Each structure stands twice: as structure tokens, then as C-alpha cells.
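Inspection log for the structure reproduced underneath, given as C-alpha cells.
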């Protein structure tokens, strides 16, 4: 009987040692796996302060109706400065603008310039149905260009175009359900029709107001070099998501307009 009890105690002791050994080995393996992950995150993940700095900074850019050739790029770089962003049109609109090409994308990305996309295949910005149809067309053009998901698509609503709140609602409705982000370019001066139309569209639609990125061409300050750009102070509806400011139009030395953008726009541009 004593021998049996002694053997039982020895077996219990061995089991205890085995369990302790198993726990120790498992803990060591767990630390071996988790520590590198935590270390990597701490060293590579952007901090909140870094993110805030990125989104709060102001970047300089240009837009052009003409194709971006090596000659045009060198002209802009020489006379005005190297842009952080270059805005181009999704597809050729005869008599108005040349559409973005694969060669341009390659040239701009090689020079580390982000691309913004503008859609201008309409001249009447009224009715919700029209807004929906134009949004669908813009999305299709962006897909043909293979623009990445999340890229903002700007509806180009010129001052001479008739515009109403319903068009803006239709544009937002389709864009917000797509792979792309809703944006509107226009002269957002309080005296302009687009200013009133946007306020009316956003009045009872908080998501439209919060999500639609605006790019305003008011007030005009004139073309400048990158280092002489004015402060980012565009006119836009109160509490709107205003990220773009086209402060200068029709440069004499090169066929471009000059712009300022909040750094947040980089997240919605094509790198």
C-alpha cells in the first residue's frame, strides 16, 4: 500500500512538472510571437500627432486642361515650383479639356506628384436624375483609368451652368455608394448659385455636408510661385469640408492654374 501511494505521489509530481514545463514553453512562444508585432507597430505605425501634422499641413498644386507632357512639367517646375498635386480631367471633352492618359500618370507618379480627378462632361447641373447619371458616368471613367478606390471625383460646376440642390443630392447619392468619394469644384462665393444650392442640399443631409469635398475658386488672388502662395482662405459654405482652393487662373508662362490644398486631400488623391 505504501509503495502504491509513493508511486502515485511521484506520478503527481511528474505531472506537475510537465504542466509547469508546458506553461513555461507556451509563455515563451507567446512572447516570441507577440513582442515583434508590438515592436513593429510602435516603430512603424504613425502616431496621432504625425497623422494630425499630415492632415493639417497645406500642399501646393496645379490643374491643367492640357495634357501633362515632359515639357509642360519642366515649365511649371522652372517658373512656379514643383507641385505636390496635379489635377486632370477624366476623359477628353472636345473644346474644353484633354483627358488623362497613361503616359501622364507615369510621368506624374515618377516625379512623386499625386493626381486629382475632375469630371466635366455636362453643362447643366440641375435635377437629381441628372446628378445621378453624371455621377455614374464619372465613376465609369475613373474605373477605365483604373483609379484606386477612395479617390475623390470632382464634379466641375462652372459659374455659367444652371445648378440646383437636387443635382448635388443626386451626385452625392451615387458617389457615396461607389468605390469613389464625392467632390465638387466651383466658385463657392456667397453670391454664386452653387453656394446657395450646396447649402440647400446639405440643409437636412448631414452626411452630404460632412463627406462631400469642396474645391473653391473664390476668391481669386492671381497666379503665384509655390513659395509666394497666399494663405489657405477659400470662400465656402459654413462648416463644409473645404479642402481645395484654386486661387490663381491661367498662368502666362505655362498653361496651368495654381491651387492650395489641405493635407487631408492626399488621402483622396491618386499616388
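Cβ from N, Cα, C; glycine included.
Features as listed in TrEMBL:
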- 88-219: domain 'Rv2525c-like glycoside hydrolase-like' (DOMAIN)
- 21-39: transmembrane segment (TRANSMEM)
Mean of pLDDT values spanning the domain 'Rv2525c-like glycoside hydrolase-like' (88-219): 98
Helix-strand-coil residue split for the domain 'Rv2525c-like glycoside hydrolase-like' (88-219), DSSP-based: 53 helix, 28 strand, 51 coil
